[in-house]
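Annotated features in Swiss-Prot:
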- 1-19: signal peptide (SIGNAL)
- CYS21-CYS104: disulfide bond (DISULFID)
- 21-104: domain 'Apple 1' (DOMAIN)
- CYS51-CYS57: disulfide bond (DISULFID)
- CYS111-CYS194: disulfide bond (DISULFID)
- 111-194: domain 'Apple 2' (DOMAIN)
- ASN127: N-linked glycosylation site (CARBOHYD)
- CYS141-CYS147: disulfide bond (DISULFID)
- 201-284: domain 'Apple 3' (DOMAIN)
- CYS227-CYS256: disulfide bond (DISULFID)
- CYS292-CYS375: disulfide bond (DISULFID)
- 292-375: domain 'Apple 4' (DOMAIN)
- ASN308: N-linked glycosylation site (CARBOHYD)
- CYS318-CYS347: disulfide bond (DISULFID)
- CYS322-CYS328: disulfide bond (DISULFID)
- CYS340-CYS345: disulfide bond (DISULFID)
- CYS383-CYS503: disulfide bond (DISULFID)
- 391-626: domain 'Peptidase S1' (DOMAIN)
- ASN396: N-linked glycosylation site (CARBOHYD)
- HIS434: active site, charge relay system (ACT_SITE)
- ASN453: N-linked glycosylation site (CARBOHYD)
- ASP483: active site, charge relay system (ACT_SITE)
- ASN494: N-linked glycosylation site (CARBOHYD)
- CYS517-CYS584: disulfide bond (DISULFID)
- CYS574-CYS602: disulfide bond (DISULFID)
- SER578: active site, charge relay system (ACT_SITE)
Amino acid sequence: MILFKQATYFISLFATVSCGCLTQLYENAFFRGGDVASMYTPNAQYCQMRCTFHPRCLLFSFLPASSINDMEKRFGCFLKDSVTGTLPKVHRTGAVSGHSLKQCGHQISACHRDIYKGVDMRGVNFNVSKVSSVEECQKRCTSNIRCQFFSYATQTFHKAEYRNNCLLKYSPGGTPTAIKVLSNVESGFSLKPCALSEIGCHMNIFQHLAFSDVDVARVLTPDAFVCRTICTYHPNCLFFTFYTNVWKIESQRNVCLLKTSESGTPSSSTPQENTISGYSLLTCKRTLPEPCHSKIYPGVDFGGEELNVTFVKGVNVCQETCTKMIRCQFFTYSLLPEDCKEEKCKCFLRLSMDGSPTRIAYGTQGSSGYSLRLCNTGDNSVCTTKTSTRIVGGTNSSWGEWPWQVSLQVKLTAQRHLCGGSLIGHQWVLTAAHCFDGLPLQDVWRIYSGILNLSDITKDTPFSQIKEIIIHQNYKVSEGNHDIALIKLQAPLNYTEFQKPICLPSKGDTSTIYTNCWVTGWGFSKEKGEIQNILQKVNIPLVTNEECQKRYQDYKITQRMVCAGYKEGGKDACKGDSGGPLVCKHNGMWRLVGITSWGEGCARREQPGVYTKVAEYMDWILEKTQSSDGKAQMQSPA
């Protein structure tokens, strides 16, 4: 009988990778050796997903029901590690093997929508109800805070009293404790990892408060935000308590306790200095954080098993080196004199059994962080390269199509959308300076990100507040020059599928010929119109500055501007789109080329829109967004 290690690990968010994305599945092949965990999964794809999120798994092998006579080994999923990144393959009829997708960017997802017919996924049955379809059963599971997977007996199930029964289930490891072939039964998983739960979530972090109840895991993390992300992707964590690095008990400092309860909420909480508590974000709708953490922690050392030590120039290069190395989970970059040669210093690449540091030390001459290979972008830049494919003549956008787009709203006696903007970093938004004409007070502004429909915004919708408005020093009201401003948010944003930064162009990027450009916003659909509810998009060609100058003979079109529009008109940005993005796709990457600034009317014939040219302001953007430790806080692929 095979021994399955249920719940002896939890999903790590900062896992190792091999170099390059390998998606090939090997039929009739089984990897020999290297086992780090085993479980039951309904197919090879789900087994691969579990491998992708496991801290040590690089390879997997799966045994379908048809591949083996031993009932206890059917649907067996074996997760494997290897120092070299590969293992010997042996022939096994029906077996399927493959690689982790940690290195595969946008293919990284914990969402699994498939329905499996003719199988019963076993676990702890905690809720039974009558429903009319398997889809309704899956929806109930998704809307139940404890449900991980389900089974549904169809109308043709052999026992009439069980027909249309929907069984909600969970297990210690989040996967079935057994899978049995059973006619007229359909099974599947909760869609909470798809950000489709209707439960709602608590995004607040509670300072100096400790939650009670059952601990399901304990890890070391540098801050409460890493703790929360780990909780979000742990199969049984519903809330957490984090003990800071100044907690009174030294052995408990930086401990992140992942917790659960029967009710789904803490049964009690206790005021405690230097503790921080919060909730899993798995039940958030459309706002799940990415399963990675990009922040670098200066003055901090991460301890763990040593993989390699190499000399590199700068902490960012150290993080990139960790990200590219086959098994690196986290790193420390040392600035000790004895660890440096000329301009390069030692980069310590490390790993652990659970993907988290085994020790965290403060007040050092090092900087530490995590591998970025579970970031969905799939490259060293956090800014996104993905979309699905004041807008006049535009069409409706879809969820996640333009994840950098934000709505700048003003709340005085009433609240209204005023301008657009572009997310360029965890704490930075780029927009037009003229949006703040007459409204320079930061307290009246609310920044909404990760939204599609303005009508979805209610008094309970989370928003960002402004910490600082930075308007270009040469901007003058009622003039079109230097129409650019930065917004620093009071708190950093988590990146999600619907909320990611746009890449910035290279400094002085004037030679690139862009042919696939889009403008987005909620602005008027005609000159004398009204704000649109659904985010609009329009594909629009760039116009040379020489041609643009001919159309605006009473104005000066400078090299710091870029124009776009159709000669015949009909499609353009308009009122309410100001500050929003003009983005262009080049070599597979979206870049913020312009900021919606001004124009003569909206979509008029031979009157192109004028945009602030972002490439001409890269020095200014870098200067203003540079942090105290010298790490740029916006996202640029250059």
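Indices start at 1 and increase along the chain as displayed.
Each residue, glycine too, has its Cβ placed from N, Cα and C.
Overlay of Swiss-Prot annotations on the structure.
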residue : record                      : DSSP class
CYS57   : disulfide bond              : coil
CYS194  : disulfide bond              : helix
CYS227  : disulfide bond              : helix
CYS328  : disulfide bond              : coil
CYS340  : disulfide bond              : strand
CYS345  : disulfide bond              : strand
CYS375  : disulfide bond              : coil
ASN396  : N-linked glycosylation site : strand
ASN453  : N-linked glycosylation site : strand
CYS584  : disulfide bond              : strand
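The disulfide-bonded residues considered are CYS194, CYS318; of these, CYS194 has the fewest other C-beta atoms within 10 angstroms of its C-beta. Ranking the recorded positions ASN308, ASN494, CYS584 by the distance of their Cα atoms from the Cα of CYS227 (disulfide bond) places ASN494 first. In the domain 'Apple 3' (201-284), helix, strand and coil residues by DSSP number 13 helix, 35 strand, 36 coil. Using a 10 Å Cα-Cα cut-off from ASN308 (N-linked glycosylation site), the disulfide-bonded residues that qualify among CYS104, CYS328, CYS347 are CYS328, CYS347. Counted within 10 Å of its Cβ, the other Cβ atoms near ASN396 (N-linked glycosylation site) come to 14, all protein chains included. Neighbour count (other Cβ atoms within 10 Å of the Cβ, all protein chains): 22 for CYS147 (disulfide bond).
For the pair CYS318 (disulfide bond) and CYS517 (disulfide bond), the C-alpha distance works out to 35 angstrom. For the domain 'Apple 1' (21-104), the predicted model reports an average pLDDT of 93.
Sparsest Cβ environment among the disulfide-bonded residues CYS227, CYS292 (other Cβ atoms counted within 10 Å): CYS292.
Taking the Cβ of SER578 (active site, charge relay system) as centre and 10 Å as the limit, one finds 25 other Cβ atoms among all the protein chains shown. Cβ neighbour count for CYS584 (disulfide bond): 23 (other Cβ atoms within 10 Å of its Cβ, all protein chains included).
Looking only at other Cβ atoms within 10 Å, the busiest spot among the disulfide-bonded residues CYS104, CYS111, CYS375 turns out to be CYS375. Distance from the CA of CYS517 (disulfide bond) to the CA of CYS328 (disulfide bond) is 38 Å. Put simply, HIS434 is the one of the recorded positions CYS345, CYS347, HIS434 whose Cα lies nearest to the Cα of ASN396 (N-linked glycosylation site). Of all the recorded positions given, namely CYS51, CYS104, CYS194, CYS340, ASP483, none has its Cα within 10 Å of the Cα of CYS322 (disulfide bond). For the recorded positions CYS256, CYS347, HIS434, CYS503, CYS517, a Cα-Cα cutoff of 10 angstroms around SER578 (active site, charge relay system) retains HIS434.
For the recorded site, CYS318 (disulfide bond), the DSSP three-state label reads helix.
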